[in-house]
Amino acid sequence: MRHLLSTKGMSRDEAILLLDIAEDMADVANREVKKLPTLRGKTVVNLFFEDSTRTRISFEAAAKRLSADVINFSAKGSSVSKGESLKDTAQTLAAMGADGVVIRHPASGAPHVLAESGWIDAGIINAGDGTHEHPTQALLDAFTIRRRLHRGAARGKGLDGVTVTIVGDVLHSRVARSNLWLLTTLGAHVTFIAPPTLLPMDMSGWPAEAGFDLDAAIDAGPDVVMMLRIQQERMNAAFFPNSREYSRRWGLDDERFGRLAPTTIVMHPGPMNRGLEISSAAADSAGSTVREQVANGVSVRMAALYLLLSGDREDS
Amino acid sequence: MSSDNAASTPYLIRGATLPDGTRTDLVLADGRIAEIGSGLSRAGASVVDAAGLIALPGLVDLHTHLREPGGEQSETILSGSQAAAVGGFTSVFAMANTSPVQDTAGVVDQVLALGEQAGYVTVQPIGAVTVGLAGERLAELGAMATSRARVRVFSDDGFCVSDPLLMRRALEYVKAFDGVVAQHSQEPRLTEKAQMNEGALSSELGMVGWPAVAEESIIARDVLLAEHVGSRLHVCHVSTAGSVDVIRWAKARGIQVTAEATPHHLMLTEDLVVGYDARFKVNPPLRRREDVEALRAGLADGTIDIVATDHAPHPIEAKDCEWDAAANGMVGLESALSVVHASVIDTGLLDWNDIARVLSSTPARIGRLAGQGQGLLVGGPAELTLYDPAASRVFGRGSLAGKSANSPYLEMTLPGRVQATFHRGYATVLDGALRPAAEIAAQGVRTHG
């Protein structure tokens, strides 16, 4: 694997390979010494053009557990307002000998541009580009679902026949897009539920169902309910009237949570707005994987760094 | 073929094919077409062998960004004029979004004078509708109209005159001097932060969409305003099938509206955005295949009156970056005729007479530009281009003559090639090559007196 830019176009075999390696990495986390020498001497740069402490420290922990040297480059604000272009930043990192670059950027496609530009020869991992993709989040979500369903016998398996309902601001969600492609590639069936204003304008090419009615979706008995974070500022742009109405129609409140089967997996990529898109009872329930998702994120990111940076990078 | 381009040298063009298909010789002398017919001869003339070449009236671009004053790192009036000549143009209308903005008589007259000094084409300035393109109060439209530049086309292009009252007043006011308002139709609220056509692809890529309705709703409003006040409206760079329908309806109703399509909207589609190559970022954005087909059909049935390039040069750094940070716009003068050839000639929708209409006579008429767009007539101005329709070439950096390289066609194979361009009776392009700037400047000085 040369770069990890998107889950769209990722094959089932590639995805399962990465998830299986993540299982190995998760085993490491349970050992007394949580560190592998695999990437000793390699340099990983976390290049973050947006604030995201959670994702950055997850990648940082992953790289350090593989013994890589980690440089955190916070370039908050657009490259234009900062005065330095993405190109100059990339060439600076190349001159410093970065082997891998983990990039978070507000523009859709920025990791792709970085990978294709010739500005830098490093392996590129997309840690979220605009509202396009966030592939490691989808991989950790798939990993979490697979572990919950198959426990110790997850290796080699997909998510065939699993029904996943993703609820919330699909329009602005890179998590939703990456999950769409990855989960369906692994055999799951995805349904999106959102206010009409927060669904993309044309989903005809998406291998998923879409609807507006959360109650009907709950009563359909999905295996997984994934709640997306709702940004308060969306109210000001007239996507919905106010948080109270949003919560009433599209929040996983106690009543709706009570109607789910006890085996239902409840997910949230974090950070949560408790009481808005998800109630505390749901978030803290036995079915909730919110904390597992964080732990699994490190394992999945270790697997991605391992695949990109160990040995001869031209081999996949 | 002689390279002699001396002041008084006549040209004898042998065996050219006119747009109607007839073969003829032409003699150019003293800035006029002196003779048209077979077996012509002229003592002392430079002979141009035009066997297999189509003679078109000099092309007129109603929509060019020359960037000077203010944006000289991406284009100057001289370099943009050279790009125009290489593309077969003998006149360009220079858009007003310079710095300072072309919103006073002083600035438009300066642009006019610099065009005359360059000498490659007639540079006809467009005036801003509002002061500083700010959309707040009318610029001195009358002063620009009566200046030496004789401005007749007014546009805030790059910005929409979105205030309906201001648009109404502008439409009314320009009637005093037979002017036209050329509108950049883009509802600003519906296109905040827009990056590409809104649709299935923008949904997948997570890019903020530029919906067709943001163009169509402004065009609908403007044609009704033009009808209400009895004024002329010109619609810049029409890009959607719905816009074509609205304009077709307006024309059937007798509203005085004209419309342009760009070569890139006649050929390219939004799927080019997938690789995030910012050369394909343009405003209005590349649309769907259905929109391209509707524009072509509209051009064929006369709903779309003209082709205009929206030539928009940008420096390398404005495109060598992530998509959101990149500037909108493409250079288009050098490639326009070949792209139109591929889009509507090779598809059988238009013939060469139509090309002469949509790229010469009608744009000159909309812009009320004297000395251009008059066709190939004995006694008419010697403004013409010789085009080899049988040629085929890989369009490359060397095909560009302006300062900027932000062409979407680089490395594409395009049909045809401009072999020669004549402006005011002298050659600006011969043997497919641009004539030197000093030679052309001398011609400009001579013919402008």
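Each residue, glycine too, has its Cβ placed from N, Cα and C.
TrEMBL does not curate its annotations; it predicts them automatically.
Listed in TrEMBL for this protein:
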type	residues	note
ACT_SITE	B:Asp310	active site
BINDING	B:His63, B:His65, B:Asp157, B:Asp310	Zn(2+) 1 binding site
BINDING	B:His65, B:Leu66, B:Arg67, B:Asn97, B:Asn283, B:His314	substrate binding site
BINDING	B:Asp157, B:His184, B:His237	Zn(2+) 2 binding site
DOMAIN	B:54-241	domain 'Dihydroorotase catalytic'
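Structure with TrEMBL features highlighted.
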{"residue": "B:His63", "record": "Zn(2+) 1 binding site", "DSSP (3 states)": "strand"}
{"residue": "B:Asn97", "record": "substrate binding site", "DSSP (3 states)": "coil"}
{"residue": "B:Asp157", "record": "Zn(2+) 1 binding site", "DSSP (3 states)": "coil"}
{"residue": "B:His184", "record": "Zn(2+) 2 binding site", "DSSP (3 states)": "coil"}
{"residue": "B:His237", "record": "Zn(2+) 2 binding site", "DSSP (3 states)": "coil"}
{"residue": "B:Asn283", "record": "substrate binding site", "DSSP (3 states)": "coil"}
{"residue": "B:Asp310", "record": "active site", "DSSP (3 states)": "coil"}
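Of the chain residues outside the Zn(2+) 2 site list B:Asp157, B:His184, B:His237, B:His63, B:Ser155, B:Gly158, B:Ala182, B:Gln183, B:Ser185, B:Gln186, B:Cys236, B:Asn283, B:Pro284, B:Asp310 have their Cβ within 8 Å of the site's Cβ mean position. Taking the mean position of the Cβ atoms of B:His63, B:His65, B:Asp157, B:Asp310 as the Zn(2+) 1 site, the remaining same-chain residues with a Cβ inside 8 Å of that point are B:Thr64, B:Met95, B:Gly158, B:Cys236, B:His237, B:Ala308, B:Thr309, B:His311, B:Ala312. Within the set of recorded positions B:His184, B:His237, B:Asn283, B:Asp310, B:His314, the entry lying nearest in space to B:His63 (Zn(2+) 1 binding site) is B:Asp310 (CA atoms).
Looking at the residues that bind substrate per the record, B:His65, B:Leu66, B:Arg67, B:Asn97, B:Asn283, B:His314, the two CA atoms farthest apart are separated by 17 Å. Using a 10 Å Cα-Cα cut-off around B:His184 (Zn(2+) 2 binding site), the recorded positions B:His65, B:Arg67, B:Asn97, B:Asp157, B:Asp310, B:His314 reduce to B:Asp157. Taking a C-beta cut-off of under 8 Å and a sequence gap of six or more, B:Asn97 (substrate binding site) has these contacts in its own chain: B:His65, B:Ala128, B:Leu133, B:Asp156, B:Asp157, B:Gly158, B:Phe159. Taking each of the binding-site residues B:His63, B:His237 in turn and counting other Cβ atoms within 10 Å of its Cβ gives the largest count for B:His63. Within 10 Å of B:His237 (Zn(2+) 2 binding site), counting CA to CA, the recorded positions B:Leu66, B:Arg67, B:Asn283, B:Asp310, B:His314 contribute B:Asn283, B:Asp310. Neighbour list (B:Arg67 (substrate binding site), Cβ cut-off 8 Å, at least 6 residues apart, same chain): B:Ser74, B:Glu75, B:Thr76, B:Gly80, B:Thr98, B:Pro313.
Note on the domain 'Dihydroorotase catalytic' (B:54-241): mean pLDDT across this stretch is 98. B:Leu66 (substrate binding site) and the residue listed as 'active site' have their C-alpha atoms 10 Å apart, to the nearest angstrom. With respect to their backbone Cα atoms, the residue listed as 'active site' and B:Asn283 (substrate binding site) stand 10 Å from each other.
For the recorded positions B:Asp157, B:Asp310, counting C-beta atoms within 10 A of each C-beta gives the highest total at B:Asp310.
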